[in-house]
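**Q** Below you'll find the structure I mean.
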Amino acid sequence: MSAFVFGYYAFLILASVILAYVEWRKWFMMVFSLTLISFVLGIVGGTPALRAVATFAIVLAVAAMVSYAFKEFLIQLAKPNLAKELRTAPLTAAFGMFVIFTYAIAGIFAPVIAPHGEAEVIAGAFAAPDANMLLGADQLGRDIFSRIIYGARNSVGLALVATLGAFILGALAGLLAAVKGGWFDTFMGRVADVIMSIPSLIFALLMLSILGTATWVIVFVVAIIYSPRVFRLTRAVAGNIVVMDYIEAAKLRGEGDWYLIRREILPNSMAPLIAEFGLEFCFVFLLIAGLSFLGLGLQPPTADWGSMVRENATLISFGDVTPLIPAAAIALLTVSVNFVVDWMLYRSSGLKEQ
Amino acid sequence: MGDLTRLVLKRLGYGLLTLLVVSILIFFAVELLPGDVAEAVLGQGATPETVQAMRDQLGLDRPAVIRYLEWLGGAVTGDFGVSAVSGDPVMRVIGARFVNTLFLAAYAAVIAVPFAIFLGVLVALLRNSVFDRVANVMTLTSISSPEFFLGYILILYLAVKLPLFPAIASLSGDMSFGDLLHRAFLPALTLVLVVTAHMMRMTRAAIINLLASPYIEMARLKGVKPWRVIVKHALPNAWAPIINVVALNLAYLITGVVLVEVVFVYPGIGQALVDAVAKRDFPVVQAASLIFAATFILLNLAADVGAILTNPRLRHPK
Amino acid sequence: MTKKNQELIERIVEGAKKGQISRRDFMNYSAAAGLTVAGATGLWTKQAKAAPQAGGTFRWGIHDGNTGDTHDPGTYVTRTMIFLAHTHRSYLTMINGDGSLGPDLADSWEANEEASQWTFTLNSNASFHSGRPVTANDVVASFNHHRGDASTSAAKALLSDVTDITADGENTVVFSLSGGNADLPWLMTDYHFAICPANDDGTIDWKSGDGSGPYAIDSGEFGVQFSLTKHEGWHGEGAWFDKVEILTLNDPNARQTALVTGDVDAVSQVDVKTMALLERDPNIQVFNIPSAGAITLPMHCDTAPFDNVDVRNALKLSINRDEVIEKIMYGAATKGNDFHHSPAQPYWPDDIPQRDYDPDQAKSLLQKAGMENLTVNLSTADSVTAGAVDMAVLYAEHAKAAGITINVVREPNDGYYSDVWLVKPWTLVSWGARPTPDVMYTLAYKNDAAWNESRWQNERFNELLLQAKAELDESLRAEMYREMAMLARDDGGTVIPFFNNFVYGARANVGTPDELAASWESDGARAASRWWFES
């Protein structure tokens, strides 16, 4: 039995005992479950499996600690009202916020953080990671880490603006349609149908081939493509609300459409919209990656994560992890955004239980 | 129910209008694209002379509006014309491929829809538990990488390392149904992974959104079991947004699968449409786009009817 | 000889017997193991050379196909159609595995003294799949399909100096030219010039898909797949397989995995990025064949700043060809020297100094031209060739050292050849392999050629082009091509970083001839009739 295995179990059992003694039941249960799982896996898979479990647990623990610290940090900084809200945030949401914060910093200060230039060729193709290059080199010998950092700026920025655009367009139209009804509702419904009934990649292909591939055109076209989805959802949710009695009452009070939208309908339809935002954001991300598949994406050598996955995708068939790095960057962001969204959704639903 | 019939008829009428607008948009978009079918077909081998000769043969020098009206005249009588590139009837070019696409979409939907809704209800019930988190992380991760990449990973593990399924899903006429299911499994699984997260999360969101409503509160205070609260009380009122998202994803399964078709070499209609756009083959682009549009309109109609049927307030508007 | 080497040689011979290594690799490995060339050759012929065997269904994945393809030879453009054409149709002549010209439908051919009239005699055994013999009329009609005002054929330019084509009896066809062309028999191998059955009115019946090639089409769907069965009355040698299935596999990963899992027996193109990884699989053989296909970067010589020869040469000096070949082609390329004449073509001048990366000289040339800190746009698209955009980005990095800023403009894949090529002043283009330098120069470097992509006008070059074309004396001709190469290299407007290799693969149980043709991927597009299954 190696020192690692011995130390590992000793640590776990000691920790369990201490936790049991101070009666931190939740933590005790977690640590002791981990001990039991480790026993089983250790017998089945031997030391390597045990090491994997330990690594996983440590990663998880570090993530949890960072999230906790980050949450406390935010609470200290925030104003009292906001701090109260933040206290209700589960660790997952804090983790999400931490990742988003990190990405934002990476994106904003990319030129300072990235050790090498976005397009700078510094090594041979697919050079292995070393002290100089954290994640190794890509197919042209550019530093992958630096390109990921720059990619945060380009991909996230672009997707964020496009998603916001889609939401502003779609939600506004949807709320107005629900409130006004009649011909406006019908008309907007038809417009949305027309846009949605053309497959998004084909629509983008047509529009970008006609209008060119300047960045603002990409943002505009993507916003147009996704706005009908938001419109339909908003319309459906708001449609259920406008038939409620309190809206009827407000109308009888003589409130205007804008008031109804702002004060009555929007707050009550926020939850599904927020849930949708998290998902649409990641769909937009992928659509932009899909565009580069058709040669319509960002201009090279600008780094964006979608293209970075695509460029070396075939390597995955030989177990090479190069394309997984940008894919993981996208996945981490998507998961984080949706963690935060889940919490906000939970809050806005008014459920108090935890 | 008379109201509902009238609504359906009205929506179908609007649907036809939408199709007309789509066909006009597509026609002029294809017209506006740089290059025309003659240049596209000849490609690198084009010279001004040969391009002109081909334009003459295809009648491309006539005004766009006239060409559109000619096509429309045929289309309303059910004749979608012939492919500008091959001269074959359009329906022969895309008919079989549309059937393939429908098959793949149905295959994926049969797995994904019940699975996603079941999972959605389950995570709403177990909200904020470890299970909820894990299910969320898994489904979100699955939609975080581009579809083709997901396909590559599935091929690597389920076709190359463990040779359970064929890596390419090329179909041929004389396959039994079981063979078809086996061949098309990997593309279908890719699509399931792509659409499940969206439907699952919307189900979860829609249900959680209702949990604070007074009547749910009431049910809970009465001591109804949590799963009963959700299935009997919350779910019926959450159907509208869920059905909407399901319809959206079903439409996506039919219209948005170009990349999956390419990766698995599946002979569906998406590839045909992209090829036709590249060749500026207007009649084929038009027919394929209209099929997509019609699919979409019908699914939407179904979703709206579903939403109305599940919400009495909408059924009897004041 | 050491014991280790003895073991190594035994292993190599074993591999050769099983057909796991090609003759070329066999020679290399043997030399490494300490055998002389003669010894290795003896071993190879004694041990490894198995006679081809008949039978089996050859499933062949091809890398480029489109739903909008047709059987019209005038508009062949995708690889699927070109490869299919070489499988179900025939040509007058064909390029052999060793690069020489051999007979296909035509048994023999001869020219008059000026090379302005050529007579082709057809093989009298040749027949279409319908059973009808191939006659001179079919050949005349097939070529007229590419001529005349109403023709929409992309090969029209190739036949511009053909004034008349006549049938002389059942089996003889006479081509009359406006000037001499010693390369006409080579030109007959162009993929457009497939022979189709003639209709009574002198047009051809291309729609039915009938042909006189080794395999007849049973069924098929454009852009998807074709099933073919052996044509029993074929006039040529080979066609070992009973059936051939051609599958369009556009996605590089799909091709690669289909080959690895054995869903296909051969693929037409292997992604160079994964070539080395694929070679490790003992069930796979990867072929890496130098070709005459090239990547060119033509600058419009009539547009500023490219109208200045110093600027053109500065740009030619600012690309690091070795690094481009290493990183974009993973070594699967032959270094280019800015003239469009590859070592895989006849008459290649081997004594022209290689132009290498020299940013300092480029800088001084720019100084001379008064254009320090030059900024230029380079248009490209991923559809041109795998890694095209990457290559442009790499070039831009190289050029920085010479003080040149190259803005890489990624154009839409769709419509690249109609809206960007020949239109934008500096583009990146991929050219297929042409059989002779004359064909290549006439297509894209002649002053009045429709595809003179660099808009280069050089009197001496054009004069030599016409002279060389009609010259039947080989050494004089070679001398002219040498001079033309120097002109193109030092005055022309085209940067040619490399001639790409054809990299394709097959399962280990597929037998191939010792030498593979370099005219197209997959043994000159003729894998179906030249390859076989080893038991």
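Backbone N, Cα and C define each Cβ position, glycine as well.
Annotations in TrEMBL come from automatic prediction, not curation.
Here's the feature list from TrEMBL:
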type     : residues  : note
DOMAIN   : A:152-345 : domain 'ABC transmembrane type-1'
TRANSMEM : A:6-22    : transmembrane segment
TRANSMEM : A:27-46   : transmembrane segment
TRANSMEM : A:52-70   : transmembrane segment
TRANSMEM : A:91-113  : transmembrane segment
TRANSMEM : A:158-178 : transmembrane segment
TRANSMEM : A:198-226 : transmembrane segment
TRANSMEM : A:273-298 : transmembrane segment
TRANSMEM : A:324-346 : transmembrane segment
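Set these features in their place in the structure for me.
**A** For the transmembrane segment (A:6-22), same-chain residues at least 6 beyond its ends with a Cβ under 8 Å from one of its own Cβ atoms are 28, 31-32, 34-35, 38, 50, 54.
Long-range Cβ contacts of the transmembrane segment (A:27-46) within its own chain (Cβ-Cβ under 8 Å, at least 6 residues beyond either end) map to 5, 8-9, 12-13, 15-16, 19-20, 52-54, 57.
Listed as Cβ neighbours of the transmembrane segment (A:91-113) (distance under 8 Å, sequence separation of 6 or more from its ends, same chain) are residues 63-64, 66-68, 70-71, 74, 149-150, 152-153, 156-157, 332-333, 335-340, 342-343.
Here the transmembrane segment (A:158-178) has Cβ contacts under 8 Å with residues 184-185, 188-189, 192, 215, 218-220, 222-235, 238-239, 241-242, 257, 261, 265-266, 269, 273, 277, 280-281, 284-285, 288, 298, 304 of the same chain, all six or more residues outside its ends.
Panel annotation: around the transmembrane segment (A:198-226), residues 158, 161-163, 165-166, 169-170, 280, 283-284, 287-288, 290-291, 294, 296-299 of the same chain, lying at least six beyond its termini, place a Cβ under 8 Å from a Cβ of the stretch.
Cβ atoms under 8 Å from those of the transmembrane segment (A:324-346) belong to residues 88-90, 92-93, 95-100, 103, 135, 144, 148, 151-152, 155-156, 271, 274-275, 277-279, 281-282, 285-286, 305-306, 308-309, 316 of the same chain, restricted to positions at least 6 beyond its ends.
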